Every structure is written in structure tokens, then in C-alpha cells.
Amino acid sequence: MKFKALVIDIDGTITCKNRELHLGAVKKMRTLNVPVVLATGNILCYARTASRLIGLGGAVIAENGGAVTVRYDVNGIFEGSLEECEKAFSFLSQHFKLTKLDPTYRKTEIALRRDFDLEEARSLLETQPFDIELVDTKYAIHIKSIKINKGIGLQKLAGMMGFEAEDFVAIGDSANDAEMFEAAGFGIAVANGDERVKEVANYVTEASFGDGAVEAIEFLESNGWI
Ligand SMILES: O=C(O)COP(=O)(O)O
Ligand SMILES: [Mg+2]
């Protein structure tokens with residue numbers, strides 16, 4: 001099996017435990033001869049800046065698939081349901097004191113500080129008619145549409161790049177990477193990954209964070225898969 005591209009998560013995967021960019025992972029990605037796509041729950045400008053500074057081509061998936069761009073010089077494609085997310089946010093705000101993260105730049109979903117009871121919020125949301133889910137990435141809790149995720153974002157972006165989603169190998173660390181693993185041809189969870197992402201992974205690294213990303217790429221190279 002030979003993959004034509006790599007799609008890799010940012011926070012918790014190419015970062016260190018303290019969330020600094022992992023320079024070993026950067027160096028490793030720079031040696032690859034296939035396109036490397038960054039996929040994140042974070043906002044589009046975060047993803048694009050990371051891609052530029054790492055030296056990648058600007059193809060990114062941001063806002064958990066709500067924002068997709070294929071190069072720096074084209075505008076992002078946004079798809080989401082901020083309105084529905086805002087309704088869910090207003091409802092939850094009756095029960096919890098919630099703090100939005102980067103609301104100015106986030107166009108398709110809402111990210112919240114992880115300072116409220118997630119399971120209680122999920123139970124409350126079940127009483128409401130919203131097509132919304134709460135996803136905890138260990139860096140934020142996202143109020144997002146159930147119709148948008150990194151896997152759907154990958155399918156969209158793959159088509160724009162002349163690939164199939166199965167042509168990609170995916171590497172990630174948390175629940176918001178699970179659909180991307182299912183859409184890609186192969187999924188690798190880093191050791192610090194949560195149980196949801198490890199459930200759907202084809203391989204789990206020994207090493208954590210950016211060291212895990214380096215190990216994942218070396219595993220692929222040693223098998224001649226990338
Ligand atoms: O923005 C987040 O919540 C986490 O981002 P990630 O998808 O890059 O891990
Ligand atoms: Mg992550």
C-alpha cells in the first residue's frame with residue numbers, strides 16, 4: 001500500500017505536551033515527498049500560519065472541517081451552522097458560565113474553554129432539537145454541527161487536490177480526528193491519544209505528542225507506505 005498524501009492534526013500531535021510546536025515533527029514533515037495537509041479544530045488562520053511556517057503547501061482543514069483551503073492564494077471554503085451552534089450556546093449558557101475561544105475569527109462553530117461539566121452539558125443538549133454535538137479535543141470543547149467533521153473536510157479537500165480520501169494516511173490524537181481516520185486509508189494515533197481515536201486507529205505509536213508523529217512517519221517510511 002502506498003499513500004499519496006498525509007493529513008496530520010496539530011494540537012497534541014505535532015506539538016509538545018506544553019503545546020509548543022515540536023521541532024522534530026517539523027523536521028520530519030519537511031523530509032516528505034508527498035503533500036502534507038494540516039487538519040485542526042482551531043481556526044483557519046492558525047492552520048494556514050502553521051502550514052506556512054512549517055513549510056507546507058497551505059492545504060488545510062480547520063474548524064473541524066468547517067473551513068477548507070487547498071492553497072494560500074485561494075479563499076477558504078466555509079460550511080457549518082454557526083446559527084445552530086449559537087442556539088445551543090445560548091441554551092447551555094442558562095446552565096453554565098461559558099467562555100468562547102477566538103469567537104472573532106471562528107466562522108462555522110463555537111469553541112469553549114474546558115471549564116464546565118461536559119457530560120452534564122451533553123445530557124442537557126439531548127433534550128433540545130439541535131443537530132449539534134460537543135467534542136472535547138483536550139484543548140477546547142467544540143459546539144459543532146454533527147454534519148461537519150475532519151473526515152468530511154478530508155473528502156472535500158482530497159477531491160480539490162485530485163486525490164481520494166483513501167489516498168491519505170492520517171495521524172492524530174483526539175476524538176475530533178476519528179472521522180478523519182475512518183475517511184483516510186490508514187489512521188495512526190499517537191500514544192497520548194484519547195480512547196475514541198485509538199479505537200478507530202490502525203496503529204498506535206509508543207511515543208507521545210510530536211515524538212509520536214515522528215515515530216508514525218518513520219513507521220510508514222519503514223513499510224514503504226509513504
Ligand atoms: O482546536 C482544538 O480544539 C484542538 O485542535 P486540534 O484539532 O489541532 O487538536
Ligand atoms: Mg489534536
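Our numbering is plain: 1 for the first residue shown, then up by one each step along the chain.
Glycine is no exception: its Cβ is also placed from the backbone N, Cα and C atoms.
The feature Mg(2+) binding site is assigned by Swiss-Prot to D9, D11, D173, D177, with sequence analysis given as support. Around the Cβ of D177 (Mg(2+) binding site), the number of neighbouring Cβ atoms within 10 Å comes to 36. Secondary structure at D177 (Mg(2+) binding site), as computed by DSSP, is helix.
DSSP assigns D9 (Mg(2+) binding site) to a strand in the three-state reduction. Among the features that Swiss-Prot reports, active site, nucleophile is placed at D9, with the record citing sequence analysis.
Taken residue by residue with DSSP, K150 (substrate binding site) is part of a helix. Sequence-distant neighbours of K150 (substrate binding site) (same chain, 6+ residues apart, CB-CB distance under 8 A): V7, D9, A39, I61, N64, G65, G172, N176, D177, E179, M180. Annotation comment: Swiss-Prot describes K150 as substrate binding site, evidence class sequence analysis.
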Checklist entry - Since the record lists D9, D11 as binding-site residues, which of them has the fewest other Cβ atoms within 10 Å of its Cβ? => result D11
Next on the checklist: Quick check: with D9, D11, D173, D177 left out, which same-chain residues have Cβ atoms within 8 Å of the centroid of the Mg(2+) site Cβ atoms?
Outcome noted: I10, G12, T13, A39, T40, T137, G172, S174, N176, V190, G193, V197
Checklist outcome for this item: Ordered by sequence, the long-range same-chain Cβ contacts of D173 (Mg(2+) binding site) under 8 Å (at least 6 apart) are D9, D11, G12, T13, K138, A189, V190, N192, G193, D194, V197, F209, G212
